[in-house]
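Each remark here refers to the structure printed beneath this line.
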Amino acid sequence: MQPELLLFDIGNTSIKIGLAHERQVVTSYTLRTDAGQTADDLGLKLATLLGHAGVTPQSLRACVASSVVPGFDPLLREAVARYVDCPLYRVGADLSVPLENRYERPAEVGADRLVGAYAARRLYPEFPGLLVVDFGTAVTIDCVNGNAYMGGLIFPGPRTALSALSREAAKLPRVNLDVRADEPTPGRSTATSIQHGLVFGFACMVEGLAQRLKRQLPGPARVLGTGGFAASIARVSPVFDHVLPALLLEGLRRLYYEERTAF
């Protein structure tokens, strides 16, 4: 089947772009979030991605976007209008997520968190309790109980923590976070000490928080990992029942087809 949807998961640091049809997300790309670029800059990048995927703008039925960067929205609207020329539907403004939002002030919840929770619920309807752990600029752990979004936790992501460490501590370097060890070992270099401290530290933090949050959900609850660092955590920890890199794109895809009768 030919892709007919162009999906945008717009985060603070990066934009995940997906192409999808009624059955699945076919492929995805990642761009850096740059609110300083022009609509033409973004539009030409989109045209290049579509060309690489062998998809023509005329074959697209709609664009669907989730954004946590309000300043990027006008840029996206103009780029889509000029280079894709199909309707753009935004979560929150044009599409409502069909979950009961238990936040004290529901409008405060990031669209990405709601879409991730919705995707988890649709993928795993047999489990009443779900935890969605999304690694981005921030890590979010969101709780789903039945059809209710219960809220969750937010804390700095691994790369955000690394940036703060190297910025605030003059003698500590920036390092990559590619760890091959199965267990933390006493670092015999500063780089190894930082790598193991951050990777295993975040693994233990997610394990502990997931264990405590699961006690508040009907069991057996499932823990889903997504975002750029989830695979790294999964290599050193059994905390995730499933790692789903395209979870938010899958949520956008399902949301469009579930809600399109309202268009």
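Using N, Cα and C of the backbone, Cβ positions are placed for all residues, glycine too.
Site annotation for ATP in Swiss-Prot covers ASP9, ILE10, GLY11, ASN12, THR13, SER14, ILE15, LYS16, and the matching candidate from THR48, THR56, THR137 is THR137. Ranking the binding-site residues ASP112, ARG113, ASP134, THR190 by the distance of their Cα atoms from the Cα of ILE15 (ATP binding site) places ASP112 first. Under a cutoff of 8 A between CB atoms, and with a sequence separation of 6+ in the same chain, the neighbours of GLY110 (substrate binding site) are VAL68, THR140. Among the binding-site residues ASP9, GLY11, THR13, THR137, no residue is found with its Cα located within 10 Å of the Cα of ARG113 (substrate binding site). Looking only at Cα atoms, ALA111 (substrate binding site) sits nearest to ASP9 among the binding-site residues ASP9, ASP134, THR137.
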